[in-house]
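Q: Features from Swiss-Prot:
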- Cys84: active site, nucleophile (ACT_SITE)
- His181: active site, charge relay system (ACT_SITE)
- Glu183: active site, charge relay system (ACT_SITE)
- Gly52, Glu53, Ser54, Arg116, Ile145, Arg146: L-glutamine binding site (BINDING)
Amino acid sequence: MKIGIVAYQGSFEEHALQTKRALDNLKIQGDIVAVKKPNDLKDVDAIIIPGGESTTIGVVAQKLGILDELKEKINSGIPTLGTCAGAIILAKDVTDAKVGKKSQPLIGSMDISVIRNYYGRQRESFEATVDLSEIGGGKTRVVFIRAPAIVKTWGDAKPLSKLNDVIIMAMERNMVATTFHPELSSTTVIHEFLIKMAKK
């Protein structure tokens, strides 16, 4: 199994480590590759788009010609996990809490509306206990950093977890979006969920 992690910025190392832990837990042999150019997506079985600055990731991906390739792979059904900024890039509809509608390069394949910087400056980063029972996990502590929020799902997209009535995790077919950082949490359940999807 080959898992590609988009590696322009954001917590690539942490995702790689968490993916390795998840593979070990599931007793699956796998390679983790850094995705920086279209060729790096060759033969990947799953894709992770980490957090970071979503506009930067989108612009760089577009410049290097990988955005269209990513979109094609994702639309063809490759299991994909987008975390924080990665969730923004997957979304069809993006608004910024401060400046309103935002024009930025997106993959835009997932039927979700996302508000960037939802929690505002006061809650730049925080930890919370969330319920991951929908994907076989339990209650677990996770980290939010300048987190967005998923404010609406439609079509085939459905919420998987909420925090105070706000959607923090959603899924549509092969795509999973989280507004928190699972790679900075103690549980590997989200990475395991992605690997299991890729194994089907």
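The backbone N, Cα and C atoms fix where each Cβ goes, and this holds for glycine too.
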Q: Among the recorded positions Glu53, Glu183, point out the residue whose Cβ has the most other Cβ atoms within 10 Å, with all shown protein chains included in the count.
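A: Counting Cβ neighbours within 10 Å, the top one is Glu183.
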Q: Of Cys84, His181, Glu183, which is closest to Glu53 (L-glutamine binding site) if I measure between C-alpha atoms? They're all active-site residues.
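A: In terms of Cα distance, Glu53 (L-glutamine binding site) lies closest to Cys84.
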Q: Reduce the DSSP letter at Glu53 (L-glutamine binding site) to three states and note it down.
A: coil
Q: Which active-site residues from the set Cys84, His181, Glu183 come within 10 angstroms of Ile145 (L-glutamine binding site), judged by C-alpha positions?
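A: Neighbours among active-site residues, in sequence order: Cys84, His181.
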Q: Can you tell me how many other Cβ atoms are located within 10 Å of the Cβ belonging to Ile145 (L-glutamine binding site)?
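A: Its Cβ shell of radius 10 Å holds 17 other Cβ atoms.
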Q: Closest of the recorded positions to His181 (active site, charge relay system), Cα to Cα, picking from Gly52, Cys84, Arg116, Arg146?
A: Cys84
Q: Tell me the Cα distance separating Glu183 (active site, charge relay system) from Gly52 (L-glutamine binding site), rounded to the nearest angstrom.
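A: Taking the Cα atoms only, Gly52 (L-glutamine binding site) lies 13 Å from Glu183 (active site, charge relay system).
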Q: Specify the count of other C-beta atoms within 10 Å of the C-beta of Arg116 (L-glutamine binding site).
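A: Around the Cβ of Arg116 (L-glutamine binding site), 24 other Cβ atoms lie within 10 Å.
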Q: Using Cα-Cα distances with a 10 Å cut-off, which of the recorded positions Arg116, Arg146, Glu183 are near Cys84 (active site, nucleophile)?
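A: Taking Arg116, Arg146, Glu183 one by one, the ones whose Cα falls within 10 Å of Cys84 (active site, nucleophile) are Arg116, Arg146.
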